[in-house]
Amino acid sequence: MTFAPTRRTLLGGAALLVASPALLRAQTRTLNLYSSRHYDTDEALYSDFTKQTGITINRVEAGEDPLLARMQSEGANSPADVLITVDAGRIEKAQSLGLLQPFASEALASRIPANLRDPDGNWFGFSTRARVFLVARDKVAEGAIGSYEDLADPKWKGKVLIRSSTNVYNQSLTGSVLAAHGPEKTEAWARGVVANLARPPRGGDSDQIRAAAAGEGDIAVSNTYYFARLVVSSKPEDREVAAKLRVVFPNQADRGTHVNISAAGIARHAKNIDAAKAFLEYLATPSAQRYFAFGNNEYPVVAGVEPPPHVAAWGTFKVDPLNARVFARNNAEALKIMDRAGWK
Amino acid sequence: MTDAFLPAPITARMRPAHSAGRRALLAGATAVAVLVSVPILAVAASVLQRGDGALSHLVQTVLGEIILNTLGLMVMVGAGTAIIGVGTAWLVTLCRFPGSRQLEWMLLLPLAMPAYIIGYAYTDALAFAGPVQSGLRALFGWGRADYWFPDIHNLPGVSLMLTLVLYPYVYILARAAFLDQSTCVLEAARTLGANPWAACLRVGLPMARPAIAAGVALALMEALADFGTVQYFGVTTFTTTIYRTWFGLGDRVAASQLATGLLAFVLVLVVMEFLARRGRRFGGGGRRHRMLAPLQLSAPKAAAAAVACALPVLLGFVLPVIALIRLHGDGGDPFFSERFLTFARNSFLLAGAAALIVVTAATLVAYAGRLAPGAATTAALRVASIGYAVPGTVIAVGILAALGAADHGLDAWTRATFGQGTGLLLSGTAVALLYAYLVRFLAVATGPVESGLHKIPGSLDAAARTLGANAGKVAVAIHAPMLRRSLLTAALLVFVDVLKELPATIIVRPFNFDTLAIRVYNLAADERLAQASTGALVIVAIGIVPVILLTRMIARDTRRGGRPD
């Protein structure tokens, strides 16, 4: 069996390219991708790109944090061309660690809304997911809960289901609350949420949804795509779980619902710059956006591309326009606040 | 005149070779110790830097809790694995009861079950929304407030999960020790009036103590290093806190300080293991190796023994497998195809290569301890154990730093010398992965190899050398057959551990290279347990193969009456 191509082979190939421009067309072009996405439907996304451009994608998929550590250690010789993360907090951290480089692209600037990309062009959001409430239909009246701040209301004592503060989605959510209310009020809010927990935080978003459907609590906090997956599941039990719950988009009366992004940027030491640029611009094409939407039930970022019908059926909602960079930079402080509040 | 001069030249020739051999062994052991400690030191080095103040934050918020949780985990897993491991090993080795032969190998089966998988399986089955509780509520018409059901998502729960998958370390080493015990010592005890139970308690157990201590130390090191299970169960430990401090707070310095604190717990285990052996050479005793006649238990005791031995297998393997099969029936992995076979092949090859490398290094270190004893060798032996309890994430980051520095140094040197850099030669390669496994799992192999060597009397070495054999011949002709079980035990343990390994593999692996464990973890992390079950079942199935092979080897040796005389 063969592992990754040796560096010598790659260097030899590079030398050939430099020495013989005429051979340029004959060489297979590659893109080295570090990605923290782990969705099977991305296979189709990558295959489509290769089909359109002839560029082969080499992948390392891992959690964001290990990928950043790896890029840091690899330094100037890092083979990474593009970094993809599933959270704004981590792509912004990559930028603050100096791991990315700016890409001035008219196509991306015109297609991707300003709040979903880095103002300096270091990274771009390509899909979003909203952090919503899934409430038990038979226990929570329409309009009874409407905001993240309501999660701390004592009337929901023993009713709230949410995962651990170790989870980066919750760190980003708390980061957005911090941006809206400042540290003192946010810590009070976090303490209130903890006081209202139906059980100590555990498991993932899907576990919260199932627990709410089973009656362990009344309000589950989850990213939209987990719920969408249950709605369209091939298993009757999953569809039954979904049928018992109703989607609430928080904060429609004020700043809007917190959305997080899958984002990508070009690596600081990318060797295949042209391929990296092509890949990022591909991600904003309608066909790629449809893969995000229909493959993993995410919201597309490009106007004119619709989410799948079962997601669109929940209705439109006001999005918190806070730039992802802001709540991303708040993550460390948010984590400390959650620690002080006893949010495990 | 001629005869008078003959002995002198022979003696003179032997002495330099002997000394040179010892120096080579010591150098080899030192090299292994240095290799193992470099990634850990790379992480610990940043302890000396000033941090962002995260440590004071942790002291005020979670440090007390993580210390208590970590201590609690050690106590519960240590006690649990010792009780189950030693108890079942004694019963199946020294007693005969219905099913005892089958249980001999079945008790190893949980070794093939990663802790995070058993955690997922029990969570799925026992959760409020799971089939057990939902079934009970439907059957009795209960609502949430109408009944109590034990919650496993807490410290005792995660300790139980870890105990169920880690007791085989104690079982396998204790059983090997019981098998190897000299018959005449136990028979002498009986002759002096001890009944079989007293003979075990007063003679058998103390003689097996080095092996038991090694097994418990390994189990605890594994428990300390666990991340996926404790995190999923919502228990805050050093490992989970290191992870979130490093990555969530972005404070590498505070994370290193926590890792150093974790090493303090590790050193307790290393010292515990060391003291258990100090001053005792259990290789003594007679050379009669006839197996002690197994105790035939009376019917009630036989039934109790069968249940006691079957229960760990049921809870640690059978029920989780049933849960996984149920989940697989719900969906299974859509990639169950050629790509999936690639995952399986990657896992198998990595595990095999790692087992070979790690057992070789462990044998080198253990032999240095035997033939070149001294402070330097003792230090090398202890350092070899440290990596096992360091979280894979920390080891991997340390390796990234160490190999990154090596690659950059070489690149800069060749660039300056030849005008052309070498780029990354080691980072992101299989070499880096195998290096990570060496650091992480050397202790797994060192334990059984050392225990095996301890059981070989020094007098045998001395006798062989008197007859003219050099150290090499002693190792090849005499020790190898006697060590076979220990070496195979070591290889088995490393193989299965690498098969299950997650964090280091995720961080260090090459492009387009995934293992079954990564596939399972990715799916589980994305909350697709049904799909993750396919890979989990395959990991378990592959893990069974070495268990069966080792069991056959042990059985064959046992029937021949153990070690050759």
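Backbone N, Cα and C atoms are what each Cβ position is placed from, and that goes for glycine too.
Per TrEMBL, the feature transmembrane segment maps to B:24-46, B:66-93, B:105-122, B:155-174, B:211-234, B:254-276, B:297-327, B:347-367, B:379-406, B:418-438, B:487-509, B:529-550. The domain 'ABC transmembrane type-1' annotation in TrEMBL covers B:67-275, B:344-550.
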Message = Could you check whether the transmembrane segment (B:155-174) and the transmembrane segment (B:487-509) come into contact, where contact means at least 3 Cβ pairs under 8 Å with the two residues of each pair 6 or more apart in sequence?
response = yes
Task = Determine which residues of the chain contact the transmembrane segment (B:211-234) at the Cβ level, with the cut-off under 8 Å and only residues 6 or more beyond its ends counted.
result = 70, 73-74, 77-78, 81-82, 85-86, 114-116, 118-120, 123, 152-154, 157-159, 161-162, 166-167, 169-174, 176-177, 205, 240, 243, 262, 265-266, 269-270, 272-273, 276-277, 385, 388-393, 440, 443-444, 447-448, 450-451, 493, 497, 502-503, 521
Beyond the flanks of the transmembrane segment (B:105-122) by 6 or more, those residues with Cβ under 8 Å of it = 88-89, 92, 152, 158, 161-162, 164-169, 171-172, 226, 228-229, 232-233, 309-310, 312-313, 316-317, 319-320, 323-324, 327, 492-493, 496, 499-500, 502, 517, 520-521, 524, 529, 532, 536, 539-544, 547-548, 550-551
Ask   = What residues in the same chain, six or more past the boundaries of the transmembrane segment (B:487-509), come closer than 8 Å to it by Cβ-Cβ distance?
value = 111-112, 114, 116, 169, 172-173, 176, 218, 222, 227-228, 347-348, 350-352, 354-356, 358-359, 362-363, 391-393, 395-397, 399-400, 428, 432-433, 436-437, 440-441, 444-449, 452, 515-518, 521, 539, 542-543, 546-547, 549-550, 553
Inquiry  = Cβ pairs under 8 Å only, please: of the recorded stretches B:254-276, B:297-327, B:347-367, which one is richest in them relative to the transmembrane segment (B:529-550)?
reply    = B:297-327
Remark   = For the transmembrane segment (B:254-276), the distant same-chain contacts (Cβ-Cβ under 8 Å, at least six residues beyond its ends) come to 40, 43-47, 51-52, 54-55, 58, 70, 74, 209-210, 212-214, 217, 220-221, 224, 238-239, 241-243, 245-246, 382, 385-386, 388-391, 394, 447
